[in-house]
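Take a look at the structure below.
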Amino acid sequence: MIEILIERTPFLAGGFARNLLISAVSMGLGTLVGAALGLLRFRRFRATLRAEHVLTNVCRNVPSFVLLYYMAFMLPSEIEIGDSIVAVPVWLKAALALTLPVVGFASDQTLGYLQQRETGTAGAGETFVIAWIQYFLIIIMASATASVIGVDEIVGRANLILARDDSPVFMLATYLYVSAWFILVGLAISGLMLWLFRRRAAGA
Amino acid sequence: MSRFVLLLLLVIAWAGFAAAQPLDALRAVAPENPDGRLAHILKRGTLIVGVKADYPPWGMVNPDPDSDAIVGIEPDLARDIADRLGVGLQLEVVSAQNRIGRVNDGSVDLIIATMGDTEVRRHQADLIQPNYYSSGVVVYGRTDLGLSGWEALRDAPVCLTQGAYFNRTLERDFGLKGQYFPGNREARLALKYGRCVGWAFDDTALAQLVHTEHEPGFGVIVPTILDVPWAVAVASGEGDGQWGRFVADMVGEWHATGRILELQRKWWVGETEFLRDLHKTWSRVENGMPFCTRDPHTGRFPADCLFEMEPVATGAPVDLPEWAAALRERAGIDLRVLYDAYDRARLVRGLGLTLALGSVAILGGLAVGIGFGLIDARARRMGPIGQVVRLPLRGFIVLARMTPPILQLYIVFFALGGLMANAGIVTPGSFVTAGIILSSYAGATNAVLLSHALEHERLRAPDAELLALLPEAIRRCFDGLVATCVNIIKAAGMASAIALTELVSTVNLLVAEGGDKGTLMNGLLVFYFVFVLCVIWLFRLARNRLAPGGEARR
């Protein structure tokens, strides 16, 4: 049983890389769009004020789990550009689904950051960074749901391994092993945060 | 020498004659000027076929552990088509629930995925005639309960695989209480672990299951009903085009050559009567021509070459009131699900479960948070003993917060549930499991928030009782608690992964059954948007009630 898990570790690691890729893409994209939205809210352009507010609210309120299915159903799976056919991989759909909550988050954080900087509150930048890293962790956890729309990530791969042997003991071992990957990354990120906190405390 | 040449010519002529046997006229050939989907496939250079992975031996993960390829009868058939077109083959795993959606949205070119040919599905995608197989539905279940015959199963919990053609009929006409699972594997496990008395599925898959592993105490408890032929399907509108015709020709060729019978032998399933009959018909030759040649005028196969069977009707057309029909016509908003009694009942039930689970998760999350928060805050001041107390608590918090909730659901529901069932312990159902997991997930975050808030309050009033500080501490971290509660409501849809038919799962089912995906998916988004706003509003109301003017004091 343990040998099988050790033997399948590279396979699972490949799946986990996909989780990290999805998380990184959604954090990157979401932060860009969200920061722009937050800046617009801060500048208070009359014409678009309501739109930014509603957009942020939508991003905040709609569950990523629902968005996964939404993107899977509503986005095309291939686009034809000129003469070539480009496939839209399903992991990208998952990344886009997770991007929306990040937009809502980044919009709020950017607004908060700009307001704090305006009032001269110290450490506004660090607050942003710490909140961002914390959210990154949340998004990595959320990426584990991508298998429900058929993304070939770590949970999906674990289920594939279990398709051959689904005795409860092996299932427990496999799922716990997969959880350990998430917990390790979670602890590593928390460690990074603690280090940032300490550095801020030392600098203050 | 000249005699030898003559002999050689004779041999060549004979070989040529042999090759030009009448049945060769049934060989599927791609047209010279391909268009539509066929042209798309040739341009891509790859054929993408949706197959099942949980239906041995039709489609399954390779039993040989050195490869994770999907193998079986249907992958072999898919390979035949790709080879004939001279393109590569890419197999995509589909489920009973998503296969029609996948072929219609173009992510796969074709599905060969154990799909029954029903009236409803003929409206959802283009089902290729001739059919290529046939099966019915039976219930595989516990033999010790004395449940035999379909009538005995009325009101009994029966595990069902989402998207199977017979689900609706079994629930509506036979009164079974369906427990829905995303795949055959999960449904079978659920049966094994006592979450239902039986699992309704195709008799074909059963033959294989009984063949490969005999499980004592389990067996077929009802006779086969709802026999239905299987169909390969292409996207809506492509059935009459070049692509659909080519696929139909391939299926006809398989019947003529006995290809599927050959694959049944290869994969150790007994030859079926249905296929033998079709093989006999398709290999018939009349006046030097195959009997099953397309009519040159209509382009149709003779009726005798298609399996004659009334497709199982699994739903009645719905009459929309005038305004709803106009809405559908003008705005594309399709409210038919609301006017079908069965669908409406499912939606109401899904909505009820979502609201109930949300409430349980919020209350449970707050209770766990307050309980553990108080313990943690007290233990902080208890010196070394306190540290020992805090250790398991912090371990729980780390585990609950850093394990993805969907994995927690799988672990508790399937793995621990399986262990408990094997040990003869009653296992919690999906609602209880989801309630516990979501409560502890939210509770872990709430406990951290409250513990910190209590610590702050204690700095303000060092001599006060911890419990007396609680209201002020809750007020201090109120926004954080609200955020956790909102998050847990948003996460609750995950319970659909363990067969809870709440709203997300119900909407997916409806889309899979051919409901309008635009209306349903957008409706779901709007519902959640409003739902979350309501929860936030309720919390605001609660804060003003609990502490009038609390807002101003902050």
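Each Cβ is built from the backbone N, Cα and C atoms, and glycine gets one as well.
Annotated in TrEMBL:
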DOMAIN    B:46-271  domain 'Solute-binding protein family 3/N-terminal'
SIGNAL    B:1-20  signal peptide
TRANSMEM  B:351-375  transmembrane segment
TRANSMEM  B:396-419  transmembrane segment
TRANSMEM  B:431-450  transmembrane segment
TRANSMEM  B:480-500  transmembrane segment
TRANSMEM  B:520-539  transmembrane segment
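Beyond the transmembrane segment (B:520-539), the same-chain residues lying 6 or more positions past its ends with a Cβ under 8 Å from any Cβ of the stretch are 337, 354, 358, 362, 478, 482, 485-486, 489-490, 503-504, 507, 510-511. Long-range contacts of the transmembrane segment (B:351-375) within its own chain (CB-CB distance under 8 A, at least 6 residues past either end) are made by residues 389, 393, 396-397, 431, 434-436, 438-451, 453-454, 466-467, 470, 473-474, 481, 484-485, 488-489, 492-493, 495, 500-504, 531, 535. Looking at the domain 'Solute-binding protein family 3/N-terminal' (B:46-271) alone, the prediction's average pLDDT is 88.
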